[in-house]
């Protein structure tokens, strides 16, 4: 593979070397090389993976962009010599003429079997001609080339004086250019994302559940976010974590790695707290209290970023020292950042830090770290730029530092030692330094508290603390009183009821706030997407009049027209009518219908034509080229031959039906695509999944076939080889694997971007499955019964069934991952296997039957049986939850798509017990939702939106649904209504209760069917006849303070609900008295008997 070197970058950095070398007499940093005649950079065999990057390797990578092992570079005043192997010389030839003033000479060594070249002698001669040479004196090398170099130096009479090059080399690489800062910024974003969206979340979960896990295991899980395994078992990066970071869309994951294994320390670490980056996570179980130290560093394209945090769980209330020290670290970091600017020396930065500690907490000076960080870049730790009292090197703009602040050997009130640190990657600017890493820094993110047992006493403590008084009572397990911090995370409530109340309140508040943000975003995006005058159907063609032709000339007319009789030409799809002695053809598309009437001895045949004003009522909506032209509306013929007219009428009607059916089929299959040819794999056998069935099923006997992975797609082959289904990778939108856990089938499901034809049917989905149950076993037991008693054989069968299911899951999942890998390789776009989350499933009716709907990472699916449902979550604009009422057992969900021309998807009859689960899921996947008490008629609503989406969003958009996380008004009404009903049941007579029981079945049926419950015996609404008169009109009802158009049935339904829930709180006591006095009078008005009269 040809390695492409960046010539412009090489020239720029070579100029940096020579500028520093030539001006070394004026700069303190370059002092050691001021009078040398050459700079020598040696390299041997590559270092091991566990060894830190050497300075020579880092410098070579900085200069050339790649590491070139066993390559020597000698910088002279006028030229550069490079000694390397023949293969490396081919790559290095790219930079030979990169610099205009400094020439580069490549000395290529001979290959093993070739005679020795003069490359090494020339290099040694140039080296020996110098009196003083700078090189890396502390590095050691190995390898064949270095051995030859040592041998050649042994034969020299005089050798140059050696000077250490390391300090000057650090200065060359210290100031970062734009490309280096960009790479460091990406490394910092990776580190911050991992800390914020995985480590902190995972640690909080461990602490909350008191999970048993070692520090080493936790560190390994963190490393696994970049992928793990090799070959077929390799797993890619965890995009659920990385997708949450900013600026990580174009990351080259092959160039991303950890600088060191993540370091996790807690109170139970057997080696004690250690702030050094060389520390390793131990195999002790993580403690669930005390101080936690986290450190993680990531490298992107050789450039490093590092971050470290302290998490304090249940800090001592009696002595809030830990919280105060952490606040001191936060303040100290701000002070140091202000000091780190261009021209300030490293020791001055440290001095500023130690002075700040002395002024705030002098007793902590002895615990403060001996240095507060170092320069970083390709080298994780550049000791030449150590921020300590002994370093006098100045800081320059665009230097990158790993700023490490901390206190060690601190002692808590229990006598146990602990440490605190705050680590970030910072960039030096002209006036002050800026943070490149972020996240989990404030006290609300790093202080975890335990709830007190008694909240009233806790509030009393807080109030007494605010007044300067001591708390009335101290709790051993209570929450600390916060002094300088506000917020913090609360873990593990001490009382079960308090825990449940807090979870419900917190979840509802979180959802409400998040939904408000989502609705606001929808509104802004809608206004931006649809410019003024734009429409949802932009880019789609409207109705058009299809041109048609019956005959090209008179010669094509059938011979039967000579008799001037009505002729039906099925081949030409034409009706030929005699008009004033001429045979006039009319295409079947011009004919609307035909009718036949008998009057006396004559039969009349009337043929009606398509004319403007009949289809849609508006000329602009009719599909005619010229609606203002003159049209024939109908033609009538009279005849005494009724049988012939009857035959002609049937012929025209059947021809019209055939044409309409053909047009409907053509319209239905309009989006079906014809795939490219499948390219079969040659030279090896394709990977297969045998013994699987396919849906939609092929014609013929149901037999299992096999699925093969080819170069650009999948092929399902029937067992006889006569039928096959090809699916190209370029047409796969989603790939699902559904295990057979608690299911009868194990499934690999492919959802297509565009439908294809399978036989004569259109298919959006192709599914490969195998039945998990095995019915081929002997139920009698035979010989086993002689030796076994009880349930031993049944237990063995269950174990075998469990193993068989595990093997099926493993086989199908492996095949799905291979399909995803092959598709990603073929198309260049990442295809991931999506697995349904059964724990998030809910019941619903998307079509005609009640099914289990399961969310996945990207979709909402039902894959068990056809018709399948696959809804891409990113295609959903908003979700409307309807029929959400306290008295109803079920509610409906309507998914409105971003493509407004697509009809909304209705999922009906979801159990009300799963309402909170559905809300939480919708909120977690960032889908805005609203809820209301009635069903909306989405046909007219979507038509109005499509006419002018911009006007729709200008007038408030989806706010008419009452979204934004606000609680619907009907909930409070229905809640109070239920209290009213409970009271009234105690007051009504036994006779009215008996009357109510007669209608209990009706009320249950109305609940299940989505209507309101009419069994409220105390309703004073309109009588039944009045409601029916009102329902005959289209009503404009008020739904969340905005008008919504509804059909009569919905308006009637809403009126009934409005009649029940419109009573004010002041009127209800009167209502109760009336109910008690008059028995079931209200029920007679509110609920009809079977014969249409009231029960009384």
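In case you wondered, yes, glycine gets a Cβ from its N, Cα and C as well.
Bear in mind that TrEMBL entries carry predicted annotations, made automatically and left uncurated.
Because the structure is a prediction, the values reported are computed rather than measured.
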As TrEMBL has it, coiled coil corresponds, among 614-644, 645-675, 676-706, 707-737, to residues 645-675
In TrEMBL, of the candidate ranges 425-457, 458-490, 491-523, the one given as region 'Disordered' runs 458-490
Which range is region 'Disordered' per TrEMBL? Of 901-949, 1048-1096, it is 1048-1096
DSSP assigns the residues of the domain 'Histone chaperone RTT106/FACT complex subunit SPT16-like middle' (842-932) as 16 helix, 42 strand, 33 coil
